[in-house]
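Okay, structure first, notes after.
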Amino acid sequence: MWRNSATVSFSSKLLSYSSSSANPNYFHYASAFSIFSPNGVVDQTLSSSHQRFYCSSAVPSPSPSSGSVIKLGFLASKSDAFRPLCLKARDAVQLARHYGRCYWELSKARLSMLVVATSGTGYVLGSGNAVDLAGLCYTCAGTMMVAASANSLNQVFEINNDAKMKRTRLRPLPSGRIAIPHAVTWASSVGFAGTALLAWKANMLAAGLAASNLVLYAFVYTPLKQIHPVNTWVGAVVGAIPPLLGWAAASGQISLNGLILPAALYFWQIPHFMALAYLCRDDYAAGGYRMFSLADASGRRTAAVAFRNCLYLIPLGFIAYDWGVASGWFCVESSVITLAISAAAFSFYRDRTTQKARRMFYASLLYLPVFMSGLLFHRLSDNPQCLAENPNSIVELPSFPEAVTESEEDDQKKKVSHFLF
């Protein structure tokens, strides 16, 4: 292996001409010297006058042969030829990252994933003892696309309002990172694809609920935000439809038992958005939105509405138990977490400060996943599906240990009678 000193002395012999020479047969110094340097590292300490390597016959004897110089020059020219391809590939990657980031923000991906979680929970609850995994994936994918379309259209319609708010002025449309026609094309494409997927792989009822929810969110709730404070309650209806969509996709119908999770989402959204509207009331006023908290300077009515809707959540655990959707343990757990969020709302009602509003907001964020997880864990199934239709894609889910169906009781009675007689 050559030493650094030997390489530098060798290169100084090669560089016999100054940079002012008119010899046209040269190529860039870095291309040649990186070959002769150990580990391919160019020594940056060389003077600027030694930045070009000349192909001359007057070079002393230790220099490389003319054939090796020609090979080095060929390698340099070949790397220059491939350089445009590398630049194009790099530009393509940067462009893909740019638009991917824009689509992510237009879709409000984290909010859309929460919608998908509620829809998937509704699907599992409506599936009985067995869940079709393929159907669950198709339902979640279709819900994700429709939610992304609705959120994108929401930002298209509110581009001027978002530009006035600190919280939203850096979104893709107000910041100019993407054009409006491009955003509309994206929203229309994913909305149509999501609805078509639900109609194809689930059923027309689920596809109709998805399409109606998209229209309700983008064309009713969005403009209503600038007209009347009732927009909060309309938005709560929008948030309650996805779990009903999942239930309909699994069972093919809308039943009374399937309304428990939508009811929980409806009442949960009121304190959640009331806390958010109170925290961001100055920003909403700058954006031109007519939120409920803007007409309530003291915040007393805002806190009262939040607390009242928290109390509406209390009976849902008892209803789920009474209707046979979940076991008695869910009734207890639901009551505990509902009392916890109600305590946070009552604290905000007594002391209407930013700190109390933020605490209620965080309590609402914790409530929903705990409620849905408890409902899934303590669920009772009374409509098992036939596993013979598609045994590879259907997974049988055990019910809560307290759940004993009538068929199991009949089997036990038969065994006892056979033992006695």
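Backbone N, Cα and C define each Cβ position, glycine as well.
Unlike curated records, TrEMBL annotations are generated automatically.
Per TrEMBL, transmembrane segment is recorded for 111-127, 133-157, 178-198, 204-221, 233-254, 260-280, 301-321, 327-349, 361-380.
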Positions whose Cβ lies under 8 angstroms from the transmembrane segment (301-321), at least six residues beyond its ends: 260, 263-264, 267-268, 270-271, 274-275, 277-278, 292-293, 327-328, 330-335, 338-339, 341-342, 345-346, 348-349, 352, 360, 375
Chain residues outside the transmembrane segment (327-349) and at least six past its termini with a C-beta under 8 angstroms from it: 271, 275, 300, 303-304, 306-307, 310-311, 313-314, 316-318, 320-321, 356-357, 359-360, 363-364, 366-367, 370-371, 374-375, 377-378, 380, 400, 402-403
Long-range environment of the transmembrane segment (233-254) - Cβ separation under 8 angstroms, sequence gap at least 6: 115-116, 118-128, 131-132, 135-136, 139, 143, 147, 198, 202-203, 205-206, 209-210, 212-213, 216-217, 220-221, 224, 261-263, 265-267, 269-270, 273, 383
Beyond the flanks of the transmembrane segment (361-380) by 6 or more, those residues with Cβ under 8 Å of it: 114, 117-118, 121, 124-125, 260-261, 264-265, 268, 271-272, 275-276, 279, 320, 324-327, 329-330, 333-334, 337-338, 340-341, 344-345, 399-400, 403
Chain residues in Cβ proximity to the transmembrane segment (133-157) (below 8 Å; excluding those fewer than six residues from its ends, i.e. six or more beyond): 103, 106-109, 111-113, 115-116, 119-120, 123-124, 127, 171-173, 180, 183-184, 186-188, 190-191, 193-195, 197-198, 201-202, 206-207, 210-211, 213-214, 217-218, 222-223, 242, 245-246, 249-250, 390, 393-395
Chain residues in Cβ proximity to the transmembrane segment (204-221) (below 8 Å; excluding those fewer than six residues from its ends, i.e. six or more beyond): 139, 142-143, 146, 149-150, 153-154, 157, 191, 194-196, 198, 231, 234-235, 237-238, 241-242, 244-246, 248-249, 252-254
